[in-house]
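Chemist: Annotations per TrEMBL:
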REGION    88-166  region 'Disordered'
COMPBIAS  105-115  compositional bias 'Low complexity'
COMPBIAS  116-135  compositional bias 'Basic and acidic residues'
COMPBIAS  136-150  compositional bias 'Basic residues'
REGION    289-303  region 'RNA gate'
REGION    534-584  region 'Disordered'
COMPBIAS  551-584  compositional bias 'Low complexity'
Amino acid sequence: MGFDVGFVPYNPDGWGPPDASAAPASLGGGSVSVPFAPFSRSDKLGRIADWTRNPPGPGAFAAARDTVFDFAGLEDSVGLASADDASFRLVDGKPPPRHPRFGPRWRFQQRPQLPQRRDEEVEARRREAEKERARRDRHWQQNRRTHHQFNRGGPSSSSAKSSVDIQPEWSVKEQIPFSSFSKLSFAVADQPEDLLVCGAVEFYDRAFDRVTPRAERRLERFKSRNFFKVTTTDDPVIRRLAENDTATVFATDTILAALMCAPRSVQSWDIVIQRVGNKLFFDKRDGSQLDLLTVNETAQEPLPEAKEDINSAHSLAVEATYVNQNFSQQVLLRNGEKVTFDEPNPFATEGEEAASVAYRYRRWKLDDETSLVARCEVHAVNTDPRGERQFLTINALNEFDPKVTGVDWRKKLETQRGAVLATELKNNANKLARWTAQALLAGADMMKLGYVSRLHPRDHYNHSILSVIGYKPRDFAAQINLNTANMWGIVKSIVDVCMKLGEGKYVLVKDPVKPQVRLYEVPNDAFENDYVEEPLPEEEQVRPFSEDVDATAQEMDAAAEAEATGTTAGADGDAGKGVEATAA
């Protein structure tokens, strides 16, 4: 038995059934009409093919999905449909299935969005361009800051100012980049000769070698002792040596150390050079930056800019100088025994108590026609196991806030002393190099390095000595990669440049931003009338904070609140007193 397909009319004119006029009168004996099949309105009825309603594209699938519920025109094909079927349209009220955004199928199932208006598109592109420009600016600023900091960190905007005001009438004679300094090398022919030793020094107290963070010592104040920072041409001994034609170049160990360690410096400094006949005098100005010790000069993080902030670059420099001076006197024996030399302190008046210091006037021979005399300082003497005397230089590093450096000295000095020193070499590379150069110039047998910290991070008046460590200058120089031949090569090159200049006054300025120095020719009366602000009298200074750290913190909080409400209060105190003795 077979399956009876029935009669299928043939349409020679096209695709689909023939016209009704050409159709037979009946289809299998039935009525003249399209066969009707009962259906439910929930059934999905679609078209077999339609090339006119939905053009191909990304939205074709969504459009085809919607058309399965479209019953428009059903009355034309189904004769028994009710009259209201023409306006009937089924609405699917179920929410679309949610897929995780950015999931594996998200980008294939997202609905096509309506095109944005043109002004919205322009606004969106503008916002994206601004974001990209801001990102590039931040990246450029970061690279620029890193370049200016010589990959070691650099100054903040407040310290990026020149140490001296460059006048328009000054003429540039030389411009020397630091890259040329690194290639210089010069070996001094002979050992230096001691021409004269002045002053008196006390003995070092060995008990401070046993100081630990658990057995710390409070830092004392020495207001009665005077410290002298006299420049080269104001030194009566150097004047006498110059009149006797002892040498052709004259300087101090502070000035020479600044020149020798110039490639490690970040902040601006300046040195005044005077050419008188065939002689050169390297001087510093009154109130020069060379009189203050820098803090975190080569650190990555810049210090606050406001001078009234106790952690600003200027405030920390004053505090570091104050700490260094008091520390150098506290670690000495106070039994009255002193070692005196050829002449007394040339800067102290009769009846004035001077700090423990000896000035060694030493001469180096640079070549057959040029020799250099420098005044060098040693701060104490000591006796070695063989009973021989040794010269010592004493300096102190100060910790102001462990959160800034990331290393807490009270916790790390006993167990991780190398990590503490490495952090200081990173943040204060120039200062440590200068101290080492000064110890080498002075011929010191040992350099004592103290670690001094605040009692409280917000109290910059009270400090404690946590540890004292001794180093041999040459070993420490090798440890911090300080090349003696390169140091003298820098000095020799600058001396040769200045010897080619005519008589007059010049100033060598470290550029505040670029790694270079510039040599300017200035008038002969330059820097003679510079105003230097004197410290306030003691009775007008703010009273130092009490010994109680908690009370100190409360007083500082109250002062901050009063300042916020408009009340002003001076805050130099004894910190300013520490540098009062730096005047010549």
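Glycine too: its Cβ is placed from the backbone N, Cα and C atoms.
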Chemist: Using DSSP, tally how many residues of the compositional bias 'Basic and acidic residues' (116-135) sit in helix, strand and coil.
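Modeler: With helix first, then strand, then coil, the compositional bias 'Basic and acidic residues' (116-135) has 18 helix, 0 strand, 2 coil.
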Chemist: Taking all residues of the region 'RNA gate' (289-303) together, what is their mean pLDDT?
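Modeler: Overall, the region 'RNA gate' (289-303) comes to a mean pLDDT of 89.
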Chemist: When secondary structure is assigned with DSSP, how many helix, strand and coil residues does the region 'RNA gate' (289-303) contain?
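Modeler: With helix first, then strand, then coil, the region 'RNA gate' (289-303) has 3 helix, 0 strand, 12 coil.
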